[in-house]
């Protein structure tokens, strides 16, 4: 009896230790990163990496940040109810605010007395701790059962960054300096990027729809849209430019009419060519979604082919169709970055300018919106896909 | 066997045609007068370094993707499955150009940022494809293997992998195409690949160089595809 009780206590202790381990790990990761990796790089100009700066740069903000970076993730990892998760979420958000304020203040102190070309650039430690706290916010919101935790966290982080930026607290960071230098160009680039990817998506959708009507050529279309995927994007864009310039050389009148071998035209066609495969697969899957018995039943009820399409095939295939659209949209946003290769503009322009100048902050300025747009498209369409599958279960 | 050859024949012929189109004489003819085609030697050099980079990337991605995919389908790792899908969706949202660009200041010019981009972009589809192919093996086959007393390792090597072979080959085809494609993007990071004449051609309006790089890259991609199709046909000939 006593031995059994002892064994019970021991297994409890063991399972307690096992449960404590993730909590301990969650509490230790971010403080360890803060202690070991540089938060900033102080560089004499915007093109060199510069000297690493440790977490001491945060000054008075360091200790509260360490406390929040330890307790927030630990609370989120161990939360059983909504209260604990909510507290962890608040700790993570507070930690992120402290990190940003501390980095901004520390950077402006570092730069005081330096020549104007000197830059304080965010380093690996700052990115990792920021990402960790952001992830803590998402998981905290999920554990608190808030709706759409990813979106809510993204909005909260954006609002926090924008608020601090508008208050001038982040002005000393090199990314902010680059942003101020390129502000108008950035807005324009985002709009161009959306226009390019949206235009290519619409073009590819129209072509897919037209091909879908052509029943007999299904095998040929399968081969064609699959074959396009094999050609690397850089090569396809290059080939389109070569083809367009050959056409323009044959018909000089077109060049006089304002057409050019470079620019948005070949970019749109090139991007759209890659989107055909996911859209085509989505469409074919959607058309095949209802089982033959259901189709027979529809015919027996006297539904016309059009009614079968709108009442049966499209609702049952909506999930697959939106799934194809989701893959295509994410690919379009990524490929639109390459469109700058043929001079089509968009966010690729900032990325390519940054690579040409070897200016990391300019690359980031172009790359961060691309990543944000892709993730937003992915999660929005994934939510839509899930909703469609719930609404019309197969 | 015959069917295997037949499915590989179309991409093989396409690869040969594209390779012929990348020859300086043909490309010069196609691009018209006044163009400056690359010499065969230079093109061969670029093709070999392109193949080396893409091949290394493909081997890493295939080994890691297949290995992790097999691990993820073992019972012990079942709880990780949902995480893999989320991670795969996230990784696919990062375009290779962006990864190359972001890795450039950290890893420097040349091969390393390209390999990183390849890993970031190719690993998750390969992993997900492997998991999908192994999942498609019918539970009855697995149960039968267990019933006749095969060990777990034997079930994997003698039942699951052979039955999943078509799906696995399909996954590797995707990985090989991604490798060749990302290696071309690597020219942006200064890696010397077949993307180099494409970029130079776009900048200097050198249409024949552009055409040669394009045709040769596509030829390599189709060649790799044909090879994997033939291997797949050979493995699943019964």
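Every residue gets a Cβ built from N, Cα and C, even glycine.
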Transmembrane segment per TrEMBL, picked from A:36-57, A:190-211, is residues A:190-211
When TrEMBL is consulted, the range among A:120-139, A:280-299 described as transmembrane segment turns out to be A:120-139
Sequence-distant contacts of the transmembrane segment (A:86-108), meaning Cβ under 8 Å and at least 6 residues beyond its ends, amount to 30, 39-40, 53, 57-59, 61-62, 64-65, 68-69, 71-77, 79, 120, 122, 126, 129-130, 133-134, 136-137, 140-141, 143-144, 156-157, 160-161, 164, 169-173
Contact set of the transmembrane segment (A:362-384) with the rest of its chain, CB cutoff 8 A exclusive, min separation 6+ beyond the ends, reads 148, 150-151, 154, 175, 178-179, 182, 186, 189-190, 193-194, 322, 325-326, 329-330, 333-334, 337, 347-355
